[in-house]
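Trainee: I'd like to ask some things about the structure below.
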């Protein structure tokens, strides 16, 4: 039994084990599993009915969870989990969701709950709920404008004044004698090494003790101070008015000299310090031209008559290969009295023998005289008779060392280096005009003295035509013009009719031919052929040459190639030289034409050319002297070249290389060709080429009576020779002459490039002569009275001085009668002067001979000063001793306030002066003056004023006018010390954009298309008409002009002078930095710029670029402006701020320009490999992109499209740079300001561009809308939407608050403005914009041009009491109209030339009041409602407060109306109230109708500055550009 009992549970044990395993889940603790296993035997014992046998059986060994080593245990555990645990969990979930949860819900919903409350409680709960929702919407959703990231106004950059290391007036880096000397001879311009050594070889020094005097009248040389201080005195009295050479000047009308009582005192002219010259510009000219003859007629005729037999007067003698030989080989014998006169350039009084002596000294020159005599004694006697320093005495203040270059050195330099001499003379003549003539004419009113020089010059330049062509031939010429005059209209005739020139068509071909032949000849051997060039058989001349024979000209060919008049055809002489035969081939074809049609015209041209060349000093004797100079040029070490292959290299930088600053030759070898052909010893003179050129260029022109040939202030177009008729030379009486110093003349537009020099006159004369284009403007322009000075008769020349020396005309030239003139363009004269130095030397000699004594003394006192970039000229608080006139460069006046704060007072460009007021009042300097870039100045000492005032009392009147004008400017624009940034913005940019002469275009980083940008800007500047034209320069242009050594150390002097001449010639020069960062051209662009445009791509990274880092490293103080190029006409909000944030050096503003460009950056100089493949791929890509848009049926037009060309972005930038910006000022007036929208639409329809927008109150709102997109359509829509919001009475009522500060919270007003502008910033606007506010915390007006638009527009519209002030950086801002409701004055400071000012403010009630000394409020109310009362109603309390607030605004409004250039407009909107925004359409129509009517009235009066008129004139000039109306 026991065994059976023991064996019964054994088969159940595995089941128990499986049960144990199934109950022992992995997550059950082991303790629970153990207790369960211990209770299992007891349970099994109860079930089986047996007593417990646990004590008899051992515990089961397999009751623990299966281990990983037991595979069967794992399988059992998994089966238990799947088939038992998971179903149990699912069962529980289903039971809870279907039974338990519904039961709970049923129980909950079956319960009853009752709440009891009154209506007040319910209403409070609802109000609380609504308030919560309203608060959330109001303060969390609708006022996002208050949670914008803070963007304060951009502070104006602090001015960088780099420390000045120089003391006072000391020169930079002067440490020794040589530096002092080099500083003094800078007046000569660029000197190459041989010229410099030759000039200084015989220099002497002299020591003066303190108090010692030196009679400069006895000194014959160039004097300069090396060390010490010298005072220059002038003798105060002298009988008569003498010229430089001691001769009494004719026509001088200075009665003051005879009115003296005979005092022989001395007046202090100036003080000369270290490194300055004691000689004047005129005295230097006289040293170079001591032996030049003034008039060629007597000398040439006598010499020619002595040379030629009397029957041969009809056959002029050509110029020989050897100056000492005649046609038959016999030596020339010149009379004694003509020996000195025939020597034109060298200092010797006799012609050199055929083989020049191999020496350089002048002392042995007399031994080579053919007669064995020397004229040195005569020269000494002549020098004693005349002095280059008349009446001048120098006194040393301290022990002084002076250096003297004797006159012999200048004579030797003239003989050895004629072209270098001509270059020096050209430089001095240019500085003479800029310094002495301009100062005397403009500042001192010495118009008669300056203009008298040109009047007296006519006695040297008048040559009559031969008699045989003044009779029937001239009548036939007139008949041709009369026929053409009848055919053409009056307007065409006024511009001039030119006779057809048959040679003009071959002009360019012959020029290239000349260059080739010159190169050929330079490589040819130089044979000795004394007279083989000239053919003994000369054609017969059928006309008399009693006056001037054409054969007297500088030519190796027969000039009169026409036979007798009865001959049917003309023939050309046969020249033995193959080279000259080749030269003559172009003209041979033209000569075989009908004699009666072509030859007569050509004869006129030949004769006119004869007279012109005699007038300018090109005569046989001068040619002989030139040939001597050429022979002696053999001695020049620079000219010796033993390798013909290296000749080109030798002469590419020769000492005679005259820098032609005005003629941009496309041939880089032109200069060297000229040098070789002119200065080669022996050989054929290239005069034949020049002769051919001049015949090609000369024109015969007819002008009717009243036509203007030259306008006052313009550069001379060329030389006019009067054939028949009279020219009247005069000046405008009301002309102040300020423009003659070089300042800009806004009303005078000239073309930019002289592609057709012969048409220069027509391009300027049409503005006066043509009356059909703009009759109103022309009649108004002719209103100023004109004063006639003198007349030019037949045989006279006009424009000799101006055209030869490239001066501007001080007079205008009008045809007194119908006049026939020969015209030689200025470019031809410049070519002539370049090849033949005698022309400039003759001009210089004549100028020095005609100089009045007064101008000579002024020239002595004026000092030419050159300062470096950043150099301080004088400091604030220094003693004022001189006035400074800017000749070239740019200056800036800076006022240093409290705490070292720098404020820009003004900038002074070319032609402007600074310092008059303090010099005249003997006060200290009010500001520091420093040079922005390398600058040339004319220093006008105060001692000169004192001397002139005592001796010439008439000058004091002119000086008094000058001081009065400066005082008036100071009163109107006081230089007050502004300590706050809000108002200094207008002062810092006071005159910074006026008179900009150079603009540098610099990319921010590589890949910016600056070349394309520069070309488009150049085109825009040309279209708007820059005074004197505009040109652009890049590295290729510079290398083409000056060669590959332009940027070397030696070439920098050439480059600087070339750039200075360009800036003097053109009104504006663009420097395009199209090279690498560290290239010399990039450095030149930065150092030469008055204003630097930093160009960047708006969508690219705003990080600082490599070009900017290079710019900052150069430490330039020029004005810097940022230009952002956009592919589309849109600027995302905040983009501009990112660019300006890291660029504190941008001190001139920024511009948004739309320009299509490639988004992929390209290097400045891409490699040329696979260029064709790359271009082909790019073209294909561009075609595909274009076809994507052009193939669509519907083309989406942009929001804005410029309807007129001058409304483009480049034209806007061009007007800003030229100072011709158009400003729009919108005044405040509440709802009446809706009329602004209508007026702006009228301006748009009239085609008037707007460049700057400023506004006050509602004007700030409308102006901001217009400046944002520069279009009327979005402005109209947004303005109407805003007016609808403001017209809602409910919005106003919901915004009411307790009136502790204001009646409304301002939220609805803020929301209306913010919904219009969004988060845009003022910097992102397409047009420049500003608005003004009243800072009641600091009691001043502020102008805002940066920051969030909505804030400052809201501040400008904040009426006191209605809206709370806007808080800005701790200050409270209110409506700007309280101080200035029409900000015309501030707009003027931003550079606007024409300002449209629209005033919509309320009109003050000026009704006289008479209610007595006391006033009852009750009576006032009754009187207001009494219709029968005749007493006007007294103002209410609110009206009195309003009038009090606008007191200063009314005063500023009256001033604004009188500001020059302001066009005041006031639409008839007085019947509308300040808050009547509901009448939007009606007020808009009133403004639109008024604007159209006003602009039409201005247009009919000719007062509208419409760019269309200028464009019309430019189109007219462009149609004239190819040629005048020709026969």
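Counting begins at 1 with the first residue displayed.
Note: Cβ is positioned from N, Cα and C throughout, glycine not excepted.
Swiss-Prot lists these features:
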- 1-73: topological domain 'Cytoplasmic' (TOPO_DOM)
- 95-116: topological domain 'Lumenal' (TOPO_DOM)
- 138-1527: topological domain 'Cytoplasmic' (TOPO_DOM)
- 299-310: compositional bias 'Low complexity' (COMPBIAS)
- 364-377: compositional bias 'Polar residues' (COMPBIAS)
- 682-809: nucleoside 3',5'-cyclic phosphate 1 binding site (BINDING)
- 1224-1388: domain 'PNPLA' (DOMAIN)
- 1255-1259: motif 'GXSXG' (MOTIF)
- 1257: active site, nucleophile (ACT_SITE)
- 1375: active site, proton acceptor (ACT_SITE)
Trainee: Around the residue listed as 'active site, nucleophile', how many other C-beta atoms are within 10 angstroms of its C-beta?
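Mentor: There are 30 such Cβ atoms around the residue listed as 'active site, nucleophile'.
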Trainee: Give the number of CB atoms, excluding that of residue 698 (nucleoside 3',5'-cyclic phosphate 1 binding site) itself, located within 10 Å of its CB.
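Mentor: Summing over all protein chains shown, residue 698 (nucleoside 3',5'-cyclic phosphate 1 binding site) has 26 other Cβ atoms within 10 Å.
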Trainee: How do the residues of the motif 'GXSXG' (1255-1259) split into helix, strand and coil according to DSSP?
Mentor: 2 helix, 1 strand, 2 coil
Trainee: Measuring CB to CB from residue 794 (nucleoside 3',5'-cyclic phosphate 1 binding site), give everything in the same chain under 8 Å that is also at least six residues away in sequence.
Mentor: 464, 465, 722, 723, 724, 725, 726
Trainee: Counting Cβ atoms within 10 Å across all protein chains shown, which of the recorded positions 714, 1375 comes out on top?
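Mentor: The largest 10 Å Cβ neighbour count belongs to 1375.
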Trainee: Across all chains shown, how many C-beta atoms besides its own are within 10 angstroms of the C-beta of residue 730 (nucleoside 3',5'-cyclic phosphate 1 binding site)?
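Mentor: 18, counting other Cβ atoms within 10 Å of residue 730 (nucleoside 3',5'-cyclic phosphate 1 binding site).
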Trainee: For the topological domain 'Lumenal' (95-116), what are the same-chain contacts with Cβ under 8 Å, counting residues 6+ beyond its ends?
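Mentor: Residues packing against the topological domain 'Lumenal' (95-116) from afar: none.
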Trainee: For the domain 'PNPLA' (1224-1388), what's the mean pLDDT in this predicted model?
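Mentor: Summing pLDDT over the domain 'PNPLA' (1224-1388) and dividing by its length gives 93.
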Trainee: Tell me, by DSSP, whether residue 698 (nucleoside 3',5'-cyclic phosphate 1 binding site) is helix, strand or coil?
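Mentor: Coil, per DSSP.
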Trainee: Relative to the Cα of the residue listed as 'active site, nucleophile', which of the recorded positions 698, 714, 730, 1375 have a Cα no more than 10 Å away?
Mentor: 1375
Trainee: Kindly assign residue 794 (nucleoside 3',5'-cyclic phosphate 1 binding site) to one of the three DSSP-derived states: helix, strand or coil.
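Mentor: Its secondary structure by DSSP: coil.
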Trainee: By the DSSP assignment reduced to helix, strand and coil, which category contains residue 730 (nucleoside 3',5'-cyclic phosphate 1 binding site)?
Mentor: strand
Trainee: In the topological domain 'Lumenal' (95-116), how many residues does DSSP assign to helix, to strand and to coil?
Mentor: 16 helix, 0 strand, 6 coil
Trainee: State the Cα to Cα distance, in Å, between the residue listed as 'active site, proton acceptor' and residue 730 (nucleoside 3',5'-cyclic phosphate 1 binding site), rounded to an integer.
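Mentor: Distance (Cα to Cα, whole Å): 55 Å.
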